[in-house]
Each structure stands twice: as structure tokens, then as C-alpha cells.
Amino acid sequence: MKVQDVLVGLFFIVIGVLMIDHAADLKPPRHLKFGPGFFPLLIGSGLILVGGVIALLGLRTLRTEPLWHRPEWSRTRQGWVRFCSIPAAIALYVLIVDAAGFLLTAVLVMVLVLTVSGEPLRRSVPAGAVTAVVLTAIFASVLHVPLPWGPLQTISGWLLW
Amino acid sequence: MVILTDVLGVLLDVHLLLVIVASAIYGLVLGAIPGLTALMATALLVPVVMFMEPVPAIAAIITSSAMAIFAGDIPGALMRMPGTPASAAYTDDAYSLTREGKAGLSLGAGLFSSVLGGLLSALVLTLAAPNLAELALQFSSVEYFWLAVLGLSCATFVGGSSLLKGVASLLFGLGLSTIGMDPVSGTPRFTFGVTNLLGGLGLIPLLIGVFAISELLRTVTHPATGGRHAQSAVGSVSAGMGRLMWRHRREVLRGSTLGTLVGALPGAGADIAAWISYAVTRRSQKGKDPNALDQKVERLVSAGAANNAALGGAYIPATVFGIPGDAITAIVISVMFLKGLNPGPTIFLNNPTAIYSIFAIFFIANLLMIPLGILCIRTFGLILKVPTAYLTPIILLFCIVGAFSVENTLFAVGIIAVVGLLGYFMEANDIPMAPAVLGLILGPVIEQTFMTSMLKSGGDVSVFFDRPLAIALAVVTLGSWALAGALKLVDAARARPVLT
């Protein structure tokens, strides 16, 4: 989604103002002349300055360019569903992996993304299962990453060595 | 002569050769997976090498890290997802060559320039290590500050068509780097009470989000673009590479030299070496079409040679003075101490066979990179045959587990989604992501060196200009800014009304 440069400039100005506001609360320790807020203050000022110039230059094309330009994919519901499937899959993983375990969650993530892209369940479920088992073997067994098992804790010995 | 015979005796040991081959394969596999870095590969090796003899232990780390840095080019070239941060500088060029049906050229140029860069840096390491390390030792926080600013400047200039948006992106990245504990007083900043933010935003989850998740978002919204992955063929990786490397010998030599020098400076590693070399080459192409095939290859070989050369360069201060050149050599130094190979000037007197064997392993590892690298590219190429619809969730799961495995928190997994969306919108609005990424990497270095220098001088900014080395670096850095600004103004004057 492309927005007009005035909005881009305003975005950086807002970030800069927020940084300066937060930096102002960071007091330097008594024995130091410069505190933790000094560097963020410089960066925030820079953001306001650069954002201001971008916004000012954007004003020149404000009448000829729309405030935002919708990309082609966002004109259909299917496009939005595809776009949202990636952050939604990550959110799903974060929310349920501790309770459901990595194996089941990985299968669900695979099924979610594959279903959105039009793949039938009879293919997406086995693909998800195989991927989950391979990833578990690589990360949990070889690299010793502590992946959660959830209700499948009892079968963890099959894939851990 | 006695040493040469001893070194050959060590190198011809079958056990050592097996360790080198096994760690090469390990490094290639981990480097080729987006999200898994050369540093992570090295860190994961430590528990294993603890059970080895000193030379095989260091050999395993050298080989796997060199292979991982090259292997990072493979997903970068084939899927626009750099396997390691060291490949991020030229990922766009490598990927655009693949999109033009020249994946073999892109990967071959990356492979052979990496080998040449690694070999040249190994030569420098062996012959000139003490002198170069002496120069690096003269650096104070002021020189480090200027060096880091120079690295950031380079990233901004190569960022895209808009210098202003590049600077804004850089400042944004620097701002993100301030999240966490203040490096001087330890005060929490921008954490808003979130414990996970106390350590700052993890670099690896951020890189995964910016480069991988944002690319996945583009792929799912443009299925046709993703489909091209499946139709691409890698082609021959080695054909014509001798001629290509000879034609671009100047860029390879420049990248190798810059990489070795930057690698030798403590704090600056393969990532910064690649960015600086890329920027210098880009600048040297003034007046030429930046999208022409030859120009892309020039930038690729220059930065590709630099990141592998930086690895050898980093061992100069590490072995001669015991000062880590980067995080990987910090691990190497720890392993050397634990194995009784105390790094420092005395190692050349006490353990000459061991230290020269370690130098020789650099040559072996880089030469081994040719057959194993080609094999790795061929094996990785099979992934292109997988339908994009299946590739997308598999890569997504790799990204999720990769982010989790580095930080061991689900917070890091959430970060990749947020940063991925941010990266998608930044690119959609012509805001280059590279300056933000380098701002994140170099932000803590810049802040620490800046604050240390300011505190030492009691707030007097003249401290940044009171040493000859600092003045030289300041002139180069400020000169590059003035030059970039002037060039943009000239470009704007020629192509009115576009100014930004």
C-alpha cells in the first residue's frame, strides 16, 4: 500500500516526537554529563528534520497524487485473505504452540497457509505432518532447540536422539 | 623447514580432514537456511568441539563459518532471503540476476568470489598479520565511531533512489537499536515494562522479518511472481567463471582487500565489510546503468569477496593479539584458551605448528568450498521444484523456528510478523530497508563509542578530531556525505521536478 510522501514524512515526524518525548524522561545518572536519553534525542531530532523535509517535498505533488494507492491484490477479498494468512499463521503459532506443541501447531500452520492458497486438505495435512516431523528432527534433535511437545510429550522419544 | 614438515604432518591427519569435510557440510546447510547464521552455526559447534583436539576444534569453527557465510548467498540469490546477514548487501542484485534467468551466473560469481576473497585474506593473515593488527590496536573509541558512521553512510548511499528516505530509514533503524538497556548506564529505554525488550530487539528475528516475512507477503499477494521460483533453473555454476573472475579481477581484489582490512578491525565483521565493499563498487560505477548485468555482477563479486575475506581478517587481531575481530572469533578465542592455545604474540613462539596449521586450514576450507559449494547449490536447487504454494508455509515454519531458536522466546516469533509487515510497507513506499538494518546492527556500536568519547572529553566534540587516524576517518566519512549530497543535488537539477 503506497501512501503519499506527506504521510510518509508525518510518520517519521511522529516517531521522532515520540522518541524525544520518551528520551526527555530518561535522566542522566548524577555523575554523568550525558544520559541514556541523549542518543535517542539526537535520533528523534533527526527523524523530525528528515520527516519534515520529506513531507514538505511531498506537498508539491499533493494535488496530483492520491493520499494512498491501493495495490492490485487488495481489490479482492481473496487477496486480503492471502495477505493476512502469513501474520495470522504466525499469530496462531504464538498463541497455541505451548499448549498444542510444535508438531500439531506446525501442521495447523501448514494447513492454514495451504488452504488459503487453494490446496485441498488431503494434500495439505500430509505435507504439514511430514514438514513438522522433519523440522522437529532437525531443530529438536540435531540443534537441540527446546521445541514444546504439548499433548504429544509421550512420543517425544521417537523423534529425539 | 621443521615447522613446514610439522604443519604438513598435522594437515595430512585423516581425522582432521574428516572434521573439515563434516564441518564444511554442516556450515553449508546451516548458512543456506534463512534465519540460521554463521554465528549460530559456530555457537552450536562449541559443545561438540570441546571434545576435540585443539587444531581440529579450531578447524571445525573456521570451516563451518566460512562455508556458512558463502551459503548465505544461496537463498539470497534464489529467494531474496539472505541466509546470513553478511549476504544482505547484495541480495537484491543476486536475486534480480536469478529473475533474469541467470541464477547460475549469480551463484557462481558469489561462490568463486567468496573463494578468492577467502584465499587472499588467508594469504594476508599468514604473511602480514602482525603489522595489520598493530594498526587496529591504535584505534580508540573515536576511530571506531567514525568507522561505524562510515559503514552507515555507505548503507544509506546504496539504499535507493531517494537519499532523504534512505536517511529516514537509517535513523529509524538507529532508533530501533536504542530499545533495551542503555549501553553506558544500563537504564532501560523504550521497553514499556516488557521484559523481553530489556535485551533489545533481537537482530536475527528482525532480519528474518524484514527480509523473509516481507518477501513471503509479496509472494502470497502476487502468486505469479512466486511461480517464477518454480520455473527457474540454476544452470551451470562453474562455466566461464575463470574468465568472469579475471574480467572483474579489480572488484575481487578490492573486495578482498577491503574485507580483510575491515575484518581485522575489532567490531567490524563480514556484514560491514560487504556493505562497504558494495558501496565503494557502486560508487565506482557512476555514470553506468546500475541495472546492467555487468554492474550487478561487479557489485556482487566485490561484496561476496569482502564478506569471506573479512573472516580471515578477523583472525588477525584474534590470533596475534587475542582481540576478537567479530562474534565468531570471540568464540574462537574462548575455545583456544580452553584448549591451551593461548592466543597472543607468544603463540608464535610456544605453538608455531598449531598456529600455522590454523592459518593453513583457511586455504583448505576455501578450496573445499568450490566442490562442496556447487554440491550445496545443486541440492538447494531442488527446492525450486517444490510448488510455491508448499514452499511458502515451509519457509514460514523455518522462519518461525529460526527466530525461536536464536532467542528462545515466542516474543521473537511475534517480532518477525510485526517487522515483516513493516518491511512490506517500507518497500511499497520506496523506503529502502538496508539502511534501517545496518542502523540496527551498528546503532549500539555507534552509541557506545560516541558516549564513551563524549564522556572522556567531558562533552567536548573536538575529541572526534584530535588524533590523526580519527581526522583521516572523519574526512573520509564527512567527505562521503558531502559528495553524496552534492551528487543528489546535481541529479535533481538534471531531472526536475523529482528531488527526493
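Numbering starts at 1 and runs along the chain as displayed.
The backbone N, Cα and C atoms fix where each Cβ goes, and this holds for glycine too.
Those TrEMBL annotations? Automatic predictions, nothing curated.
Along the domain 'DUF112' (B:17-438), the predicted structure has mean pLDDT 81. Residues or ranges marked as domain 'DUF112' by TrEMBL: B:17-438.
Under the heading transmembrane segment, TrEMBL lists B:7-26 (among others). Here the transmembrane segment (B:7-26) has long-range neighbours at 41, 45, 52, 55-56, 59-61, 63-64, 67, 353-354, 356-357, 360-361, 364-365, 368-369, 372, meaning same-chain residues at least 6 beyond its ends whose C-beta is under 8 angstroms from one of its own.
Outside the transmembrane segment (B:58-78) by six or more residues, the chain places 16, 19-20, 22-34, 36-39, 41-42, 45, 48-49, 52, 84-88, 90-91, 94-95, 97-98, 103, 106-107, 110-111, 114, 118, 229, 232, 234, 270, 304, 307-308, 311, 315, 328, 331-332, 335-336, 339, 341, 358, 361-362, 364-366, 368-369, 372-373, 376-377, 380-381, 383-384 with a CB less than 8 A from a CB of the stretch. Residues annotated as transmembrane segment in TrEMBL: B:58-78 (among others).
Counting residues 6+ beyond its ends, the transmembrane segment (B:111-132) has Cβ neighbours under 8 Å at 66, 69-70, 73, 237-238, 241, 244-245, 248, 252-253, 255-257, 259-261, 263-264, 300-302, 304-313, 315-316, 319-320, 345, 356, 359, 362-363, 365-367, 369-370, 373-374, 377 in the same chain. Look at TrEMBL and you will find B:111-132 (among others) tagged as transmembrane segment.
As annotated by TrEMBL, transmembrane segment applies to B:144-172 (among others).
Listed as Cβ neighbours of the transmembrane segment (B:192-213) (distance under 8 Å, sequence separation of 6 or more from its ends, same chain) are residues 34-35, 37, 40, 80-82, 85, 88, 91, 176-177, 179-181, 395-396, 399, 402-403, 406-407, 409, 411-413, 415-424, 433, 436-437, 440-441, 444. Taken from TrEMBL, the feature transmembrane segment covers B:192-213 (among others).
Residues or ranges marked as transmembrane segment by TrEMBL: B:314-338 (among others).
Per TrEMBL, the feature transmembrane segment maps to B:354-375 (among others).
The transmembrane segment annotation in TrEMBL covers B:382-404 (among others).
According to TrEMBL, the transmembrane segment annotation covers B:410-426 (among others).
What TrEMBL lists as transmembrane segment is B:433-450 (among others). Long-range contacts of the transmembrane segment (B:433-450) within its own chain (CB-CB distance under 8 A, at least 6 residues past either end) are made by residues 85, 88-89, 141-142, 144-145, 148-149, 151-152, 155-156, 158-159, 166-167, 169-178, 183-184, 200-201, 203, 206-207, 210-211, 214, 267, 271-272, 275, 423, 426-427.
The transmembrane segment annotation in TrEMBL covers B:470-490 (among others).
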